[in-house]
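Q: Provided herewith is a single structure, encoded as structure tokens, for subsequent inquiry.
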Amino acid sequence: MPAEPIWPFDNSYARLPERFFARVRPTPVAQPGLVRLNEPLAEALGLEVAALRGKAGLAMFAGNRLPEGAEPIALAYAGHQFGQWVPQLGDGRAVLLGEVVDRDGRRRDIQLKGSGITPFSRGGDGRAPIGPVVREYLASEAMHALGIPTTRSLAAVTTGEPVLRERVEPGGILTRVAHSHVRVGTFEYFHWREDVDALRTLADYVIARHYPELADDARPHLALLKAVIDRTAELVAHWISVGFIHGVMNTDNTSLVGETLDYGPFGFLDAYHPRTCYSAIDIENRYAFDQQPRIAHWNLTRLAETLLPLLHEDEDEAVARAGEALNGFLPRFEACHHARLRAKLGLAESRRGDIDLAHELLDLMARQQADFTQVFRALSDERMDDPDEGPARRCFARPEALDGWRARWIQRLRQEGRPEPARQAAMRAVNPKFILRNHLAQWAVDAATERGDFGPMDRLLQVLTRPYDPQPEAEALAAPPRPEQQVYQTFCGT
């Protein structure tokens, strides 16, 4: 019989002042069932897989039983949602059980999402349908496999209870793992209340836990702002490189550690267009694909505003220091973005004209409605000695439209003289063959919601956790959607 799961909890956030959170227990559910346990992640966290698969483990994932050492809390935060200020949000359907120190010595949050009402529920039921649980599990693990900093999914369970949204749906709970759940909105919460002591405590906490190298800096809070700016710029550049659209880049979904946080109405590009926006609630396309760098800077500006009292006692000097830090965002983003563009094109060296060459390709893709992921993957398979019939041409409605650009690209590749096998391998390592296409996510959600069938979820996880591998047996899952499979809108659904 499996032993009781042992969680090595050490809950630093729960030791902060009480105004940072509300103490609340998860609400038990009627008949939990284990959908998926992320065994590699469990092992990395130092947890015993066999014990987690037992009845006691299931009860913990369902919120029916607290593991020893847990101190469940719902975090307080505020935020700008679609540019509009909301002074109190907080964890309305999630409970942070505590923190564990993993096998690499890193502190990780363990959160139950969909675990019942909290003081921040604002009239909601605190629950989650199984569909969004499946979506987030798939998305977070796919993003991790792509090499993008992200929260992770440790487990998904059904609750045996219905959840009423636009229709009645089966309930679910996700166990989310994160390096941090501190957001820009956490700082905004105390800034709006003019609680400078709390802001200082929070900033010092973030430095001590996530940026310890800044502790001895002469201006640690300014250094913190700059570090968050750098990590956020790097994160968004990484999103752009794989065609990811977050969909709801509110300040309460902007992590202080450069981690992708919250998978609501997200999506991945199919046909390339820079203004693509799938989110049904984003009626002004505020968070469209090409707007994500601008919005990241806007969110970081809100963070900088909250830190002004900590940057200097003179407001003008504080504003000047914050402004200088914010001016570093665009250069950092462009450096990361351009480096990733070069890598996607197989260019190992930086030369004048490289970015123009990349933009020419993107413009051509937009005009031809070519698939973002397929084009770059096909370029990885191109051979310079193939005069005209390379695989990338087949990605375009008018194959000959690519020929002029392809000739210039091959000429640029020849300037480096890199062996072709090395160039192809390098490109395949950054241009995924498999992404969580919107219609595939919907396939898994529909199967889980309508039939209680988690086979599609399992199949996608097998493939998406190896996104750069050829996997010829999964060729159908690499294909763009057929017209009848197109997903034009995504929803939060929670």
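Every residue gets a Cβ built from N, Cα and C, even glycine.
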Q: Among Asp10, Asp217, Asp230, Asp262, indicate the single residue that Swiss-Prot lists for the ATP site containing Gly90, Gly92, Arg93, Lys113, Asp125, Gly126, Arg176, Arg183.
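A: Answer, per Swiss-Prot (ATP site with Gly90, Gly92, Arg93, Lys113, Asp125, Gly126, Arg176, Arg183), from Asp10, Asp217, Asp230, Asp262: Asp262.
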Q: Would you mind ranking the binding-site residues Arg93, Arg176 by how many other Cβ atoms sit within 10 Å of each Cβ and giving me the lowest?
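A: Counting other Cβ atoms within 10 Å of each of the binding-site residues Arg93, Arg176, the minimum falls on Arg93.
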Q: Where does Arg176 (ATP binding site) sit in the DSSP three-state scheme?
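A: Assignment for Arg176 (ATP binding site) reads strand.
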Q: Cα of Asp262 (ATP binding site) to Cα of Asn253 (Mg(2+) binding site): how many Å, rounded?
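A: Asn253 (Mg(2+) binding site) has its Cα 6 Å from the Cα of Asp262 (ATP binding site).
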Q: Give me the Cα-Cα distance between Arg176 (ATP binding site) and Asp252 (active site, proton acceptor), rounded to a whole Å.
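A: If we compare the Cα positions of Arg176 (ATP binding site) and Asp252 (active site, proton acceptor), the gap is 17 Å.
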Q: Taking only same-chain residues 6+ apart in sequence, whose CB is under 8 Å from that of Asp125 (ATP binding site), what do you get?
A: Arg93, Ile117, Val163, Leu164
Q: Measure the Cβ-based neighbour count of Asp262 (ATP binding site), defined as the other Cβ atoms within 10 Å of its Cβ.
A: 24
Q: With H, G and I counted as helix, E and B as strand and the rest as coil, say where DSSP puts Gly90 (ATP binding site).
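A: Looking at the DSSP assignment, Gly90 (ATP binding site) belongs to neither helix nor strand, so coil.
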Q: Just the number: how many Å between the Cα atoms of Asn253 (Mg(2+) binding site) and Gly90 (ATP binding site)?
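A: Approximately 11 Å lies between the Cα of Asn253 (Mg(2+) binding site) and that of Gly90 (ATP binding site).
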